[in-house]
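Copied over from Swiss-Prot, here are the features:
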TRANSMEM  33-53  transmembrane segment
TRANSMEM  77-98  transmembrane segment
BINDING   His83, His182  heme b b562 binding site
BINDING   His97, His196  heme b b566 binding site
TRANSMEM  113-133  transmembrane segment
TRANSMEM  178-198  transmembrane segment
BINDING   His201  ubiquinone binding site
TRANSMEM  226-246  transmembrane segment
TRANSMEM  288-308  transmembrane segment
TRANSMEM  320-340  transmembrane segment
TRANSMEM  347-367  transmembrane segment
Amino acid sequence: MTSPRKTHPLTKIINESFIDLPTPPNISSWWNFGSLLGICLIIQITTGLFLAMHYTPDTSTAFSSVAHITRDVNYGWMIRYMHANGASMFFVCLFLHIGRGLYYGSFLSLKTWNIGTILLLTTMATAFMGYVLPWGQMSFWGATVITNLMSAIPYIGSDLVQWIWGGFSVDKATLTRFFTFHFILPFIIAALATIHLLFLHETGSSNPSGMTSDPDKITFHPYYTAKDILGLIFLLLSLMSLTLFMPDLLTDPDNYTLANPLNTPPHIKPEWYFLFAYAILRSIPNKLGGVLALVLSILILMVIPMLHLSKQQSMMFRPITQILFWTLVADLLTLTWIGGQPVEYPFVTIGQTASITYFFIIIILMPLSASIENMLLKW
């Protein structure tokens, strides 16, 4: 008799996705981040749900409700810091997951890659709105600065900003709608992640070599379930170490001051995971130009499959492109550093150079190096 695991309509879906899924035998730990992102999402939804039970989305009580959570609610401090640092872990896993996709040519699975890019944008929107909720100084001014960027859109810009704000400034209406969207978006992310998996399982995973692994597959369970559990242990270790020993390492001290529309903080900056995009935005003196560069710095991911001129999928055997890839990583780290610095010499110049380098490597140098490698291999 066939096992109900393989025949029951519900368990059959789980079986085909996580148990009997044919998987390449040679995928490395870089393939762990997909499952870790799933775990991060579960952690964020769970902790967020408990926070929402005690939080009040109102300008007069939001800040004190967060203080109440950390002081008076049982383990409220832990839930809050797990949620805040969980977002950081989420983005660490996201960036590594995207980096792996770029390095090993996973972007050639177009549907999976494009849904992934939409997932990145949705996650960024969710994190931004979550940062506004504690209603500290950086929450308020971050919301004001970033939503104000919409005013750069010709004709409809200023109307659009007022429509988003629900008034003439960031106020009660803005906070309420941001809370609403921050609550609903993680469930949309979960739905998109399911579609992401659906498209992935249509083609199957790629592998480090970039060659087809169709003739040689192993089942996902027990091999990769055990491997994913190891990744999960490292993730939880990192998250709990951060939460219990250095909970405020990645937060801004200004956010412990109640939002005050009459007092601007000396340096308005977002959380660390947005700093690279913020640096690109600031490096262009023109407002509309900056907004376009900001949007393109993320949407460029969708163009990468078209810029792939190499006859090989993976970068594993392409030393010239490997050098460019790691230069791009260094460039992104530089942008992240610059995003947190004040707008003055020499940071402005470094930011502009790093921003130009970012687009130059992706649009010009990588396709060029692929063509050179093809020529050297006489392909």
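Including glycine, each Cβ sits where the backbone N, Cα and C put it.
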Surrounding residues of the transmembrane segment (178-198) on its own chain - C-beta under 8 Å, 6+ positions past either end: 17, 37-38, 41, 44-45, 48, 52, 55, 57, 112, 115-116, 118-119, 122-123, 125-126, 129-130, 132-133, 143
Sparsest-packed among the binding-site residues, when each Cβ's other Cβ atoms within 10 Å are tallied, from His83, His97, His201: His201
CB contacts for His196 (heme b b566 binding site) [other CB atoms within 10 A, all chains]: 21
Number of Cβ atoms other than its own within 10 Å, given for His182 (heme b b562 binding site): 21
Tertiary contacts of the transmembrane segment (288-308) (same chain, 6+ residues out, Cβ under 8 Å): 98, 102, 105, 107-108, 110, 113-114, 117, 120-121, 124, 149, 152-154, 276-278, 280-282, 355, 358-359, 362-363, 366-367, 370
Length of the line joining the Cα atoms of His201 (ubiquinone binding site) and His97 (heme b b566 binding site), in Å: 17
Within-chain partners of the transmembrane segment (113-133) [C-beta distance under 8 Å, separation at least 6 from its ends]: 55, 57, 62, 66, 87, 90-91, 94, 98, 101, 106-107, 139-140, 142-143, 146, 174-175, 178-179, 181-182, 185-186, 188-189, 192-193, 195-196, 199, 270-271, 273-274, 298-299, 301-302, 304-305
Contact set, same chain, for the transmembrane segment (226-246): CB under 8 Å, 6 or more residues outside the stretch: 29, 32-33, 35-36, 39-40, 43, 78, 81-82, 85-86, 88-89, 93
